[in-house]
């Protein structure tokens, strides 16, 4: 027998009252995006559960994808069979022969939404339980916490059988908590920050600063690959590439070395905030971890934050590096993050950056530059790409292939 569909149960949606259907519709769309790599799979959702109809797709691969989608409490693979007692009996026997091992206990849990079916739930439990005893005479029944709980559901159109419940990712459907701009470098921390924001339902757009020729096409592709890894948790993500070369050269020419990192981060924050405003975001998200590097002291954060009143979410701010690495490995971003491509935060990094920068000093150095013009030109030059779970070969890939 082959699975016909996957029955999906919701996570925290039960607490959402009148907004429940909005959350469900968002989750359905997210599941559809994530499963778009399986062309034959179709997704539907109602108030109580969602269904992914396999239509011949490989169940194992689809299940692995579903495990990552935020908003799913658990799911069960389902067999669809003809709605007749004899077919149900033979199907139950076939399933039990496949999965039963010596010493296992079982029970049958039946329910019916089709009340015209010839047996009620109690009678169906007894009839199908008897069929199991015919197939496996020594099997034991256990009503509480059996090894096998074979669930039977009689609906209008057919009967459905399942015995396995697989834990989902939990959390909230991506997009139900509003939009945030993720400052995505190519490092370990920012993808983890993005993942944690996604888990709480934030629809992220990835803002990446590129400084060609100082940063390479490989660095850009690395950031896009990290973004693609994050799409498996809630669907497509907008990747926003910001041209940053002019600003970095201006900072390098007109500011003391100790303040290069502070000013660089202040410009990044301004630009991200401007993009957020244009694209109707609510917050900025970054991968800062307190004390990990010079730009992540409380004094530095204060000096950098001073350019915006927008809330800054720092999901990894209290984590040790090893804790962040553990999550990066779990979500499969670590190996990409450690690829040896320079990002724009490292190319002009000073040997001894200021760890307690003063806002008034930063403002004094910025007065030497056309801050507003630099920001406006950077925002005007952004390039937006929709990143999907399935990689598509593009010009950057071709260029990398040629270089290699």
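Glycine residues also receive a Cβ, built from the backbone N, Cα and C atoms like all the rest.
Residues or ranges marked as ATP binding site in Swiss-Prot: 183, 184, 208, 209, 265, 287, 296. Taken from Swiss-Prot, the feature domain 'THUMP' covers 60-165, and the record attributes it to sequence analysis.
Positions of Swiss-Prot features highlighted on the structure.
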residue: 183; record: ATP binding site; Cβ contacts under 8 Å, 6 or more apart: 190, 207, 268, 272, 284, 285, 286, 287
residue: 184; record: ATP binding site; Cβ contacts under 8 Å, 6 or more apart: 190, 191, 194, 206, 207, 208, 223, 226, 227
residue: 296; record: ATP binding site; Cβ contacts under 8 Å, 6 or more apart: 288, 289, 290
Recorded ATP site residues 183, 184, 208, 209, 265, 287, 296, farthest C-alpha pair in Å: 19
C-beta crowding around residue 265 (ATP binding site), within 10 angstroms: 24
All-chain count of other Cβ atoms within 10 Å of residue 208 (ATP binding site): 27
Structural state of residue 209 (ATP binding site), classified by DSSP into three states: strand
For the domain 'THUMP' (60-165), mean pLDDT (0 to 100): 95
DSSP-derived helix, strand and coil totals, residue by residue, for the domain 'THUMP' (60-165): 37 helix, 31 strand, 38 coil
For residue 287 (ATP binding site), the number of other Cβ atoms found within 10 Å of its own Cβ: 25
Reduced DSSP assignment, residue 287 (ATP binding site): coil
